[in-house]
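Student: Features from TrEMBL:
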DOMAIN    37-314  domain 'Deacetylase sirtuin-type'
BINDING   62-82, 143-146, 260-262, 286-288, C304  NAD(+) binding site
ACT_SITE  H161  active site, proton acceptor
BINDING   C169, C172, C220, C223  Zn(2+) binding site
Amino acid sequence: MRMSFGLTFRTAKGRWMANLNRQSSGGSIGLFVPPSPPLDPEKVKELQRFITLSRRLLVMTGAGVSTESGIPDYRSEKVGLYARTNRKPIQHGDFVRSAPVRQRYWARNFVGWPWFSSHQPNPAHWALSNWERLGKLYWLVTQNVDALHTKAGSRRLTELHGCMHRVLCLDCGEQTPRTALQERFEVLNPTWSAEAHGLAPDGDVFLTDEQVQSFQVPCCSRCGGPLKPDVVFFGGTVNPDKVDFVHKRVKEADSLLVVGSSLQVYSGYRFILTAWENKLPIAILNIGPTRSDDLACLKLDSPCGELLPLIDPH
Ligand SMILES: [Zn+2]
């Protein structure tokens, strides 16, 4: 069955309007969160013990922490985009090499942006932000690019794969806010309209070739270079300085909690290996199996936003 989120975008009096149907507003959450067994009180107690004993807790989050905010992930069984469509995410090399690829990417991203950027933190993000405020969380590393940890107030944070809310010039490296680019898109494309049939975790949507070819993409206002979201695409690499920084935080930590990640991507998985080599206890909260289940002393299959607020960080 094709899952359409029923998003329709139209210009009205020069303003972009998004008409969201029931599924993509309040009803979207159940669409993206995989089914899970009921909370096991014994496991909750074990996680509470794990957190209570931690003095320098490092938390690593993935797409599973944001599905309860209505953002789909790529890999979850049955509900992830790989399971529901045959679409694959953008590849770094294709984006950098090809102007038509960038045009297609930005046209889709332009349509998806009002929806993608409007997502709000869920109780899992708020819980982690609260742990930081109370001195329980030593460092937070996220593989997500949705800015939801920042929106929840987390500051001791590394966005491993960057953030969709920033734009990077491929030539001069200047960083600009994504909101400013949206305004430039609107000025350049006053009559452009499109209908979106599905939204990916990176804010991408599905469009026809005709719609894409008439879309105007601005370049860097400083040097004229091509623009890219400040995120690591598939096939791209994480900045080595950032990798070193996170390795140091892992070595300084005394325990590691994984939240909502299957750890299939090496850029996150390598830090689990570092934690394991440094004999840190590892707990994993993720619905479904992960690449590191055999390294964890504790594994919980529960929705993050239900479980984390139950934990007392004192
Ligand atoms: Zn530039």
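We number each residue from 1, going along the chain as drawn.
Even glycines carry a Cβ here, placed using N, Cα and C.
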Student: Determine the most Cβ-crowded residue among the binding-site residues C169, C172, using a 10 Å radius around each Cβ and all protein chains in the structure.
Tutor: C169
Student: How big is the gap, in Å, between the Cα of C223 (Zn(2+) binding site) and that of S66 (NAD(+) binding site), rounded to a whole number?
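Tutor: A Cα-Cα distance of 35 Å.
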Student: Grab the pLDDT values for the domain 'Deacetylase sirtuin-type' (37-314) and give me their mean, rounded.
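Tutor: Looking only at the domain 'Deacetylase sirtuin-type' (37-314), pLDDT averages out to 90.
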Student: For C220 (Zn(2+) binding site), list the number of other Cβ atoms lying within 10 Å of its Cβ atom.
Tutor: 18
Student: Using the Cβ centroid of C169, C172, C220, C223 as the reference point for the Zn(2+) site, which residues of the same chain not in that list have Cβ within 8 Å?
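Tutor: Counting only non-site residues, the set is L170, D171, G173, E174, C219, S221, R222, G224, G225.
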Student: Counting every protein chain present, what is the number of Cβ atoms, excluding its own, within 10 Å of the Cβ of G62 (NAD(+) binding site)?
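Tutor: Around the Cβ of G62 (NAD(+) binding site), 27 other Cβ atoms lie within 10 Å.
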Student: In angstrom units, rounded to an integer, how far apart are the Cα atoms of N286 (NAD(+) binding site) and C169 (Zn(2+) binding site)?
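Tutor: For N286 (NAD(+) binding site) versus C169 (Zn(2+) binding site), the Cα atoms are 35 Å apart.
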Student: Tell me whether C169 (Zn(2+) binding site) sits in a helix, a strand or coil according to DSSP.
Tutor: strand
